[in-house]
């Protein structure tokens with residue numbers, strides 16, 4: 001055997017992908033990088049700020065400071081602070097001098113409302129986890145396994161073609177058989193292509209993906225509107241007039257009708273609300289971008305695999321409307337590209353193919369490997 005044939009034999013044997021050492025199921029990521037970022041920020045930020053607010057409340061003690069009359073004892077002043085904090089109602093007068101009241105209870109429940117916001121932000125991810133992730137997980141496992149197997153089948157096919165070509169006494173007959181086999185699609189991978197075509201006509205994953213992003217967009221917008229409402233109605237009033245002349249104290253003449261009070265925690269709540277609202281407004285374009293990813297195909301991954309013999313999902317114009325399960329699977333295949341071992345090798349072959357002078361002579365990976373094996377890529381004259 002010549003040196004070139006020996007080198008080709010070693011090259012082809014080394015081109016085969018080894019069997020994965022561990023289970024791929026544990027390494028699959030069922031969330032896009034942008035989704036993980038959104039989950040971390042939308043859920044983690046309000047929880048973090050609420051924990052700081054509660055820590056300050058426990059460390060600072062009373063959240064309100066009322067200016068009681070000078071003749072009040074210490075216990076009476078403490079009672080005034082407690083009563084005004086429990087009621088949290090502002091008593092004032094309008095332009096006509098009529099008495100009006102304004103409830104400030106939204107300030108008291110503001111930390112708990114942020115807890116509700118965090119729970120709401122987590123609900124779209126729970127929907128994806130239990131409604132779509134199991135089906136997506138099985139689809140990714142099957143497609144990744146089949147793509148790697150298709151690559152190995154192509155390499156073994158080249159190895160067999162080398163042996164047949166070397167043993168053939170009539171090279172012209174060998175190339176005629178090869179061309180006929182390619183025309184009649186003997187090298188195709190029907191199971192994988194038909195599975196991908198089936199996923200192209202399914203829409204359950206796409207529906208849940210769009211629904212998750214729409215829910216997240218709705219919750220972000222609702223939270224921003226809630227914070228704007230608080231700022232316009234409450235968060236510019238850190239002082240209010242409190243009345244404690246109720247119940248048994250209603251007939252006491254030495255108690256003034258109104259006692260001025262100041263909210264100690266007011267600046268902290270303002271800072272928290274501005275931080276949450278500002279970050280959520282910045283995240284709105286990210287959510288919209290995630291939803292719009294389904295409006296176009298990710299053709300880069302499948303175009304690399306079109307170098308495999310008869311794998312022409314793109315060239316046969318089978319990709320129509322991009323809003324379907326196949327496009328969702330392609331997005332998550334891109335996120336799990338490290339699990340797809342054959343992609344890096346085919347991508348390298350594709351780069352070499354682009355740099356080749358006679359591009360028309362290299363149509364598939366079979367042609368490329370046949371060229372490296374020392375065979376002719378065109379039928380001999």
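Indices start at 1 and increase along the chain as displayed.
Cβ coordinates are placed from backbone N, Cα and C, and glycine is handled just like the others.
Look at TrEMBL and you will find 71 tagged as N-linked glycosylation site. Sequence-distant neighbours of residue 71 (N-linked glycosylation site) (same chain, six or more apart, CB under 8 Å from its CB) are 254, listed in sequence order.
Distant neighbours of the transmembrane segment (109-128): 30-31, 35, 39, 42-43, 46-47, 49-50, 53-54, 57, 208-209, 211-213, 215-216, 219-220, 223, 226, 230, 269, 272-273, 276; these residues of the same chain sit at least 6 beyond its ends, with a Cβ under 8 Å from one of its Cβ atoms. Among the features that TrEMBL reports, transmembrane segment is placed at 109-128 (among others).
Sequence-remote contacts of a segment are chain residues at least 6 beyond its ends whose Cβ falls under 8 Å from one of its Cβ atoms, and for the transmembrane segment (214-236) they are 38, 42, 104, 106-107, 110, 113, 117, 120-121, 123-124, 127, 266, 269-270, 273, 276-277, 280-281, 283-284, 287-288, 291. Residues annotated as transmembrane segment in TrEMBL: 214-236 (among others).
If one looks beyond the transmembrane segment (263-289) by at least 6 residues along the same chain, the residues whose Cβ comes under 8 Å of a Cβ in the stretch are 34, 37-38, 41-42, 45-46, 49-50, 52-53, 56-57, 60, 62-65, 104, 107, 110, 114, 117, 213, 216-217, 220-221, 223-224, 227-228, 230-231, 235, 238-240. Annotated transmembrane segment per TrEMBL: 263-289 (among others), in sequence order.
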